[in-house]
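Each remark here refers to the structure printed beneath this line.
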Amino acid sequence: MAMEGAAQSEYNSSTEGIQEHSSSPRKSQSPPPSSDHEENKISIKFLLSNAEAGSIIGKGGSTISDFQARSGARIQLSRNNEFFPGTMDRIVMVSGSIDDVLKAVDLILNKLLDESYVEDGGDVGPRSKVRLVVPNSSCGGIIGKGGSVIKSFIEDSRAGIKILPQDENFPGLHDRIVIVIGTLGEQMRAIELILYKLAEDTHYVQNMNAPFPYAAYLGMNYGPPNGIGGRYPNNRYQNKMEPNSEDGNNSVTIGVADERIGLVLGRNGRSVMEISQVSGARIKISDRGDFMSGTSDRKVTITGSQRAISIAESMISKKVATVTES
């Protein structure tokens with residue numbers, strides 16, 4: 001799906017021609033209605049490529065506005081240079097009642113399916129993959145004792161559900177990817193079951209108001225040096241820090257959004273001094289206007305042992321994550 005234009009948000013699609021691929025299984029097998037679930041607001045996050053995000057936004061924002069009006073849910077997307085750590089994919093957050101959220105997700109997946117597949121006349125719809133973003137602390141509820149809950153979800157929905165291990169390359173990241181594979185109807189049933197389970201998790205409900213707390217990880221994807229943002233080794237690093245490199249001569253540069261660099265610096269430089277003292281790493285922040293290539297992210301260079309750099313990165317990520325997208 002090609003993108004048009006180079007504006008802050010790329011628009012290249014509209015709502016015309018949406019076909020309602022059957023997702024009826026979830027309607028006939030839905031869990032019993034719960035007034036608590038329906039009245040309370042909940043959110044769900046999942047990942048889309050930049051091209052898919054542009055398609056969901058639509059020309060002049062027409063598609064996303066239409067989907068919000070038709071579903072009653074709020075749909076938010078991360079900025080076009082803010083990716084989920086370890087990927088080149090943007091984050092979509094859908095908020096509202098469970099019914100409204102499911103309607104919006106169904107509209108989004110329907111549109112992407114229409115644009116990705118050509119109907120072949122068969123009775124079985126095409127199978128695709130959806131990647132949900134779920135806090136690590138909530139994954140246990142989806143798995144269940146001995147895997148009982150996730151097994152029941154797979155049997156009920158007939159979708160493939162896999163929870164990926166937490167990525168240890170990104171200190172301070174507490175989210176995991178839950179992959180759902182199947183036809184649209186199978187995916188929607190699986191997402192519904194997962195959403196009802198998450199709605200029972202008080203911690204999840206209370207902490208889903210922060211849409212995109214990943215600013216500290218902007219571009220930390222080991223991508224090409226001319227890519228958007230970056231997390232780049234400055235000497236002996238390759239893709240990962242050497243396990244025994246404790247001699248203090250290691251250095252890595254990460255990007256932090258310019259508008260949030262003050263959170264790292266702190267008043268009169270107190271925050272960055274504290275990070276340096278606690279971690280044992282030396283930290284240098286680029287001058288105003290000196291950005292990571294192709295972004296508006298300031299360069300934060302961290303030098304020290306592997307352990308010191310990991311601690312400093314984690315502390316920086318927590319500082320930046322205290323402010324989220326409105």
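The backbone N, Cα and C atoms fix where each Cβ goes, and this holds for glycine too.
Note: TrEMBL annotation is automatic and uncurated.
If you look up TrEMBL, you'll see 9-21 marked as compositional bias 'Polar residues'.
Each residue in the domain 'K Homology' (40-113) has a pLDDT score, and their mean in this model is 90. As annotated by TrEMBL, domain 'K Homology' applies to 40-113 (among others).
Taken from TrEMBL, the feature domain 'K Homology' applies to 126-199 (among others). Per DSSP, the secondary structure of the domain 'K Homology' (126-199) breaks down as 37 helix, 20 strand, 17 coil.
TrEMBL lists 248-321 (among others) with the feature domain 'K Homology'.
Per TrEMBL, the feature region 'Disordered' maps to 1-39.
Across the domain 'K Homology' (40-113), DSSP helix (H, G, I), strand (E, B) and coil residues number 37 helix, 19 strand, 18 coil. Taken through DSSP, the domain 'K Homology' (248-321) splits into 36 helix, 21 strand, 17 coil.
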